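Swiss-Prot has this to say about the protein:
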COMPBIAS  9-19  compositional bias 'Polar residues'
CARBOHYD  N45  N-linked glycosylation site
REGION    1-29  region 'Disordered'
TRANSMEM  70-90  transmembrane segment
TRANSMEM  96-116  transmembrane segment
TRANSMEM  151-171  transmembrane segment
TRANSMEM  175-195  transmembrane segment
TRANSMEM  206-226  transmembrane segment
TRANSMEM  250-270  transmembrane segment
TRANSMEM  290-310  transmembrane segment
TRANSMEM  343-363  transmembrane segment
TRANSMEM  389-409  transmembrane segment
TRANSMEM  418-438  transmembrane segment
TRANSMEM  468-488  transmembrane segment
TRANSMEM  493-513  transmembrane segment
Amino acid sequence: MPKEASSPECYTTSTSSNEISEKPGMWRNFKDSFKPPVPIDDIENGSISSTQLKGGQNVPLQQSLKKRQLQMIALGGCVGSGLLVASGAALRNGPASLLIAWFIVSTFLYCTMQCLAELSSTFPVSGSFAVYSIKFIDPSWGTAMGYNYALFWVVVMPLELVASSMTIKFWPSNINTSVWVAVFYVLIIGTNLFGGTRAFGETEFVASVIKLLGIVGFNILAIVLICGGGDQGYIGGKNWHPPFTTGVKGVISVLLTATYSLAGTELVGLTSAEAAGDARKVLPKAIKQVLWRILIFYLLTLTLVGFLVPASDPQLIGGGSGASASPFVIAIREGGIKGLPSVFNVVVLVALLAIANSAVYGFSRTILALAEQGVAPSIFKYVDRQGRPLAGIATSAIVGLLSFVSASKQQEQVFDWLVALSGLSTFFTWGSINAAHIRFRIAMKVQGRSLDELPYKANTGVLGAYYGLIMNVAVLALQFWLAVWPIGGKPDATYFFKQYLAAVLVLAVYVIHKVATRNWKFMVDYKDMDLDSGRSDIDIDILKQELEEEREAYKRQPWYYKFYQFWC
């Protein structure tokens, strides 16, 4: 029989009875929102009456992310500098290198997201995959993965702001780029600090709509330009020659940029603890959108970019004075369409700022989960009445000051360092999601549990998890080879640590945790795994009955409905 999960302490967003009876104004409500949530126990013992409550929840984090917001986060949430800016440097390796690398990464990302859909719909917990690694792999490894993911997001915020300062140079101006960075910095921190989860969700929704409309519009325009609708006349496939400029090593190097551009896709799993509605239905539905984003907004778009911009174009990042330009903007500008490059550059800026906004959310929720697991300072556990992890947001704000490096002449070198560090850490995150899914499935079998009690089963099955894990490990190994023997150069210690610093940090945290806890077991035993705590449905029998009814209803549906439900 499954273990019965203990009930978490309940909280409400109310203030004290005296404060409520006075009907405080906007300023007092604002101040009170930073106070701790009030435990429901205070209601039961009479210190606060139930009529004074505006609403409550079972955990300090607010379940206020709507279905449409989750779907747009999955569909367009991670479209940022990796695709719109860093792809310029990747294109210098040739258009075929660009497309092959993105396709390879996309295949094992899809498998990874299916694993995450199964785990997050079953266990919609704060911290998501960091907690899954602790539960199903090893506490030390899970801790290392948590810090790895927290580091990824805390670095991404200044990275995106640096990218925005590079992009804004498109418009000639006497205004120092640091001024724009300051404006964007205040906007992002203010959104997370004063708007909370609702503001994050709505901001991501609007930004994703703008990004996706911009990319769809670019794709339509690109087809017209390729067919001869621009100043360059008929372009065809001439820019696809040569398809490779740096050989096999070029493809491998682009894998890092491709991973960085797709990193953050897993963020939708991190929202599981704050999703409104039934997590077992909402999350898988949102995660299924990833397939269409990969096909339409990445592979198709990058193919068209390869047709329009030659790999030898000096305007690409690292190629000269036009280092801040997006390859998308270059393509439109070379087409001779006045005004439109500026419009698309606005889309690029929106994308960069939206990712920076996600970075604050991602770091604050990950470090909160680590604190709840007892492996991060307890100050990070503080969540106020609006569901804001204040210490995590404050830490993001402090590290975000690195974005003012945009005033330095070395900003592009900093950009390259941050891209490399962030991109490599993603392989560890994705690989751990696959490993956690594999071990979870094995534990289910060892403990005699049925897969019928899972609210959602991964379309790719456990074989997809094995494929995802193997590919992540393989790419890490190839990146190690490239770090030791770089393209067109000799072995260099500085270059190696620039490319492989994330692996060093993961190993360091893993060893430190092992030594600190003196837990020398390599992995959690299958028979000892906790398969019940954190479940969205405590009564397994009722869940099985509901799932059986849903399966019977599904069988009666026409084939096109089944096709749609499987893929969408």
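Just so you know, glycine gets a Cβ as well, placed from its N, Cα and C.
Counting Cβ pairs under 8 Å that are 6 or more residues apart, the transmembrane segment (206-226) and the transmembrane segment (343-363) reach 3 or more and are in contact. Most Cβ pairs under 8 A with the transmembrane segment (151-171) among the ranges 70-90, 250-270, 290-310, 389-409, 468-488 are made by 389-409. When Cβ distances are compared across the two stretches, the transmembrane segment (389-409) makes no contact with the transmembrane segment (468-488), since fewer than 3 pairs at least 6 residues apart fall below 8 angstroms. Scored on C-beta pairs under 8 angstroms, the neighbour of the transmembrane segment (175-195) with the top count among 70-90, 96-116, 250-270, 343-363, 493-513 is 343-363.
Between the transmembrane segment (250-270) and the stretches 70-90, 96-116, 290-310, 343-363, 468-488, it is 70-90 that has the most C-beta pairs under 8 angstroms. The listed stretches are 70-90, 96-116, 290-310, 468-488, 493-513; of these, 70-90 has the most Cβ pairs under 8 Å to the transmembrane segment (343-363). Relative to the transmembrane segment (70-90), the listed stretch 290-310 leads the set 96-116, 290-310, 468-488 in CB pairs under 8 A. Remote same-chain partners of the transmembrane segment (96-116), defined as residues 6 or more beyond its termini with a Cβ less than 8 Å from a stretch Cβ, comprise 87, 90, 128-129, 240, 243-246, 250-252, 254-255, 257-259, 261-262, 265-266, 269, 287, 290-291, 294, 298-299, 302-303, 305-306, 430, 433-434, 436-437, 458-460, 464-465, 467-468, 471-472, 475.
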